[in-house]
Amino acid sequence: MSEAGTGARRTGEGRLPGDPTPRQMVERVIRVDHAGEYGAKRIYQGQLAVLRGTKWEKLIRHMQAQEQVHLDTFSGLIPKRRVRPTALLPVWHVAGFALGAATALLGHRAAMACTVAVEEAIDEHYQAQEAALGEDEAELRGHIRQFRAEELEHRDIGLEHEAEQAPAYRLLSAAIKAGCKVAIKVSERV
Ligand SMILES: [Fe+2]
Ligand SMILES: [Fe+2]
């Protein structure tokens, strides 16, 4: 975590022949983050569909509102930076909602465990992006840094609300994190 926030001096600095160009790196960052924030919003919508009217609603709405700001930021960057959005939005539309609703159906602890797993995966992902983007992309890196702090707040909310007491916590968490990593890999390119 230590050096992650500093960033390279220039985006793509130290890249090897065959590595993505700085332009390709920025495109991938915006494409995958737009996809991820879209998925995050859908996860919380899925959780709300099940937990609406319970004492968890307010907490979930708070996290969802922050995801909406994250999503709106990347939605604005797609045309501004002329990036092709992922072709997989319809997939994340369904998969995000299904993940949120399915875990919430297992109970609030599983819903919180889902949040913790997703946000831990996103934290790692955003850290790597912060380190790869340079001063020439200070604005984009600033957004990512701010959003990462909020994702960590979501993780902490999950941990404070008994995520680790969810049924089969380790298995659930490992499966969701593995899913996130696959989703990240494909959304960078597709
Ligand atoms: Fe987010
Ligand atoms: Fe989040």
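Cβ from N, Cα, C; glycine included.
Taken verbatim from TrEMBL:
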BINDING   Glu37, Glu67, His70, Glu151  Fe cation 1 binding site
BINDING   Glu67, Glu119, Glu151, His154  Fe cation 2 binding site
REGION    1-24  region 'Disordered'
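Checking the binding-site residues His70, Glu119, His154 for a CB within less than 6 Å of any atom of ligand 1 leaves His70, listed in sequence order. Considering only the binding-site residues Glu67, Glu151, the Cβ with the fewest other Cβ atoms within 10 Å is that of Glu67. A simple way to gauge crowding: the CB of His154 (Fe cation 2 binding site) has 25 other CB atoms within 10 angstroms, across all the protein chains here. Report note: the Fe cation 2 site is defined by Glu67, Glu119, Glu151, His154, and the residues of the same chain whose CB lies within 8 Å of the CB centroid of those residues, excluding them, are Ala40, Met63, Gln66, Thr115, Val118, Ile122, Glu150, Leu152, Glu153, Arg155. Within 8 Å of the centroid defined by the CB atoms of Glu37, Glu67, His70, Glu151, the record's Fe cation 1 site, lie the Cβ atoms of Gly36, Ala40, Lys41, Gln66, Val69, Leu71, Ile122, Phe147, Glu150, excluding the listed residues themselves. DSSP gives Glu67 (Fe cation 1 binding site) a helix state.
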